[in-house]
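Inspection log for the structure reproduced underneath, given as structure tokens.
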């Protein structure tokens, strides 16, 4: 039985019913409907911390999904799982894939910046200030892009950019 049919959460069930109705009404392919079902089941598993199951569903959704915009959110969710599991290298890889398909995704840019900032902090703690500065510059690069897309968000990042003197760095978009 698909995860979406065994979910006990009222809101998730309501969303599932509404989404299924919309998919029945809209003229979309069977493949698109299947991709959405896997994506939805992946989100459900992810919200319950069942990351292995979520990844299986997301990979199947990626295989079936044809729309680049929809695929970008699947890549983003896969990146979130890898971030939660502490695999920053894989997380960055999937955030990049999401951004390749959807460059206007400030949350992916922010999450990449957070990873680079954390890596910079680790390098600083280990006394490698040159590496720390390079990683902080990477964090600034991604935070500035995120802030350009969502200027009312990421207030802490904006403050960090100002206090570290990185708010004036030129970045290529």
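Glycine residues also receive a Cβ, built from the backbone N, Cα and C atoms like all the rest.
Per Swiss-Prot, the features are as follows:
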REPEAT    35-68  repeat 'TPR 1'
REPEAT    72-105  repeat 'TPR 2'
REPEAT    120-153  repeat 'TPR 3'
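In terms of DSSP secondary structure, the repeat 'TPR 1' (35-68) contains 28 helix, 0 strand, 6 coil.
Residue counts of the repeat 'TPR 2' (72-105) by helix, strand and coil are 27 helix, 0 strand, 7 coil (DSSP-based). A mean pLDDT of 97 is what the model gives for the repeat 'TPR 3' (120-153).
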